[in-house]
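For reference, the structure is listed below as structure tokens.
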Amino acid sequence: MSGRGKGGKGLGKGGAKRHRKVLRDNIQGITKPAIRRLARRGGVKRISGLIYEETRGVLKVFLENVIRDAVTYTEHAKRKTVTALDVVYALKRQGRTLYGFGG
């Protein structure tokens with residue numbers, strides 16, 4: 001290894017990728033049955049049709065906040081990989097302590 005630290009076969013500094021996949025509308029990947037299963041787990045018997053889009057919106061905002069905090073922890077530690085502990089600390093910061101993943 002020629003002094004590249006941990007990692008392996010890094011060629012250069014990265015730069016722009018040729019074909020960058022455009023990420024859009026991924027929230028639709030949270031399907032109606034998936035939302036229904038989560039509601040069932042929470043003890044819900046009947047679900048209004050309007051719930052699905054509302055749930056997607058709320059989930060998107062929640063995940064954006066958690067991911068933003070987790071990435072902030074990662075950047076502060078001068079790392080490029082978000083670890084499970086970063087997510088645990090981000091959740092703890094928002095008052096949603098999660099046990100079982102270290103920390």
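Cβ atoms here come from the backbone N, Cα and C positions, even for glycine.
Fair warning: this is a prediction, and the values are worked out from it, not measured in the lab.
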17-21, 72-76 - the one Swiss-Prot records as DNA-binding region: 17-21
On the DSSP side of things, how many residues of the DNA-binding region (17-21) fall into helix, strand and coil, could you say? 0 helix, 0 strand, 5 coil
Helix, strand or coil: which one is K92 (N6-succinyllysine) in, per DSSP? helix
Between K60 (N6-glutaryllysine) and K32 (N6-glutaryllysine): CA-CA distance (Å): 15
